[in-house]
Amino acid sequence: DGCGHTVLGPESGTLASINYPQTSPNSTVCEWEIRVKPGQRVQLKFGDFDIDDSDSCHSSYLRVHNGIGPNRTEIGKYCGFGFHMDGLITSKSNEVTVQFMSGIHTSGRGFLAAYSTTDKSDLITCLENASHFSEPEFNKYCPAGCVIPFADISGTIPHGYRDSSSLCMAGVHAGVVSNTLGGQINVVISKGIPYYEGSLANNVTSKVGPLSTSLFTFKTSGCYGTLGMESGVIPDSQITSSSILEWPNQTGQVNIWKPENARLKRIGPPWAALTSDEHQWLQIDLNKEKKITGIITTGSTLAEYYYYVSAYRILYSNDAQKWTVYREPGMDKDKIFQGNTELYQEVRNNFIPPIIARFFRINPLKWHQKIAMKVELLGCQFSIGRAPKITLPPPPPPQNKNDEKNADFIDDFIHSVKTSLQTDKTTFTPEIKNTTVTPSVTKDVALAAVLVPVLVMVFTTLILILVCAWHWRNRKKKTEGTYDLPYWDRAGWWKGMKQFLPTKSAEHEETPVRYSSSEISHLRPREVPTMLQTQSAEYAQPLVGGIVGTLHQRSTFKPEEGKEASYADLDPYNSPIQEVYHAYAEPLPITGPEYATPIIMDMSSHPSTPLGVPSISTFKAAGNQAPPLVGTCSKVLSRTDSASSAQALYDIPKGQLGPGSADQLLYQVPQSVAHSTGSKDE
């Protein structure tokens, strides 16, 4: 009469003294006999131990034995208030006897212990919660029997459970482990939430909980998706029932609560049976074998019709002819699932292990007023590997009756092997592909995955090419519309622009320009400007009269448009000048020099110079008249603001104080007043 909460499973279990966690009664005794599979051993762990030790374990104690029966041997005898045992008590065989004796005492809660086989090294008891562990993620083994009335949990899946909740009891509520079998849990700790919802699942009630610093959830296989009742993936034609409730309402309209109404969260009436007895059923055809891990049910969800199913059985089949009632492993009784306690709340029950079947049937056993419900199935797709092909050598032709019997035996043997392979095909590891719908053909998906990016890249490239071409065309039109040279003049324009490039050094710019009269005398009039331009000049050369050949590196003048002029043309300085204002520059002030200072050379006395040809100059003089000749003197004059000024600002030829001979004329770089600081004295 001293036995309390007790669940003895094939591999694990839980046992407690009577009245735990309250004070155990006096003069009580209980004895538990634990057996596991042969070849294994038993380990025992205490979650709480509080037994009176006032008489040194004489009348109140807990004793553990190896074996069962009269041949058992004692492992240990224990007592004490708040006794804490860190290690495990391990047996020497697969059988253990636990004996509890309670004498005369005034206090003491008794004990709670868990057991398992020795291969479960991470065994915990039903009293452990997440706050007892500091790791952010850990694995533990929960024993069977952790649905205990004196433990609380708060929360639900998928949001999580409060950290004060019992780990193993929350695992049962979440459908991760079975209360009759126990199992492994993978726990993940995370930040808490302000509010924890309550729900009813797997015969465990989760309470509403307040804010906590942390919460925990479980890692699972992920096979908990809906299978199509709510979403409509399962068509109406695949939902049938044993009977349908029909009746006219007050207005005379006939109400029909058909089986296709049994879709969870569907607005309207549910499915209801015409007669309420234990022979009614609701059947769902999944169209092919699927892995079913759970079910969610509600009542009628109509306030005026307070109907719901409070208990039911589950049957399954692959051909809708031969049905199997769901049972937990190792149990010889049908599993009775707890249903709803009212018409609105959703109640979940999980199948551990899951059901592999095509046809699923619900058989109500208890109900309130009438059988009425809405359901949803949880699970995922299930695919099986093909059985290996059996290849045996063909038997020889039978010679007598005995040989015929042997041949028949071989045929029967092959048939039995194939049958066994087909029967055992559901034991292969399932391949989870989807949770709601049948996966499509992967070839089309792979082809689309290749073609779509290629097409996108091709169209993107074409668009970029068109945009770039349009942009280049507009830019070209804009450039040609604002300022453009004639086709025959673009090369000269480029030579003029080259003066802005840093291609000359300072030393080269300061090198004096030396001209020899003998060299000049051998040149024709047209070659003189070319000879002058081949040397480095300090001043920019103007482009006048359309003479393209005078462009130089440092030219800052824009060529005038017009026909190309030659040296045979009349002097452009003799032609009247029309005032033309271009858009690219403002007119120069009248007071300042309009062009660079000219170097005027008198070539009239040279014998090679023909009569009537004016002296060569690459600069334009002030006014509209050509500069006058100065005779045989090759003195260099400078143009000042006044055209009549004869003051020479340039050096005369070296070695002479006046006009020199025509045999050797050597000139220096002009020494300008404004640029005198940058010249180099000889």
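Just so it is clear, glycine is given a Cβ too, placed from its N, Cα and C backbone atoms.
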Cys3 - recorded disulfide partner, TrEMBL, among Cys30, Cys57: Cys30
Under 8 Å by Cβ from Cys30 (disulfide bond), same chain, sequence gap 6 or more: Asp1, Gly2, Cys3, Gly4, Ser17, Ile18, Gln99, Phe100
Cys3 (disulfide bond), number of other Cβ atoms within 10 Å: 15
Residue counts (helix, strand, coil, in that order) that DSSP gives for the domain 'LCCL' (120-216): 11 helix, 38 strand, 48 coil
